[in-house]
């Protein structure tokens, strides 16, 4: 069993903010697979499908690791079988990449996951939200995408959704080679 989890903040006021790239990716996967997150437990919402669980924490970003740890423990999912989709300030909008392990790079949601699991062994799909220009990081990640940015974000989320689904059924190196080559080059 694999766990695909998107990080973000709950509530409509955050729905289309940069920090909710992970939630937007989960929405895209649900749309592609005609799945709805129909279970609520562990302070999150999720759906159990054939071979994987699709999930969103209902906590704020900085506490999202609590939900991920609880659901993974309940379903006996190892960190190496977790796929986390989240926003990344170091990538331009339209860029995305799969990564295994590494540091949190200051991302509070990833820091919490690493702390809860005492591991960084999970797979990550990093979705570019653009480089902060002249505002605080908090204000930037909580800002809305512009209309033009959202068009590009929608395009990359299609590929992110396909990559996440592919990671459930295929070798991570195969998926990384295919996805990372295509998506790290794109710049808005």
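Including glycine, each Cβ sits where the backbone N, Cα and C put it.
According to Swiss-Prot, the protein has these features:
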ACT_SITE  19  active site, proton acceptor
BINDING   14, 60, 62  tRNA binding site
SITE      9  site 'Discriminates between blocked and unblocked aminoacyl-tRNA'
SITE      87  site 'Stabilizes the basic form of H active site to accept a proton'
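Between the binding-site residues 14, 60, the minimum number of other C-beta atoms within 10 Å of a residue's C-beta occurs at 60. Proximity note: of the listed recorded positions (9, 19, 87), 9 have a CA within 10 Å of the CA of residue 62 (tRNA binding site), given in sequence order. Of all Cβ atoms in the shown protein chains, 22 besides its own fall within 10 Å of the Cβ of residue 9 (site 'Discriminates between blocked and unblocked aminoacyl-tRNA').
Between residue 19 (active site, proton acceptor) and residue 87 (site 'Stabilizes the basic form of H active site to accept a proton'), the C-alpha separation comes to 6 Å. Note: the tRNA site is recorded as 14, 60, 62; in the same chain, 8, 9, 10, 19, 59, 61, 63, 64 also have Cβ atoms within 8 Å of that site's Cβ centroid. A coil conformation is recorded for residue 60 (tRNA binding site) in the three-state DSSP classification, outside any helix or strand.
Looking at residue 87 (site 'Stabilizes the basic form of H active site to accept a proton') and residue 60 (tRNA binding site), their Cα atoms lie 14 Å from each other. In this structure, residue 9 (site 'Discriminates between blocked and unblocked aminoacyl-tRNA') belongs to neither helix nor strand by DSSP; it is coil.
Residue density at residue 62 (tRNA binding site): 13 other Cβ atoms are found within 10 A of its Cβ, drawing on all protein chains shown.
DSSP assigns residue 87 (site 'Stabilizes the basic form of H active site to accept a proton') to a strand. When the record's tRNA-binding residues 14, 60, 62 are compared pairwise by CA position, the greatest distance found is 14 Å.
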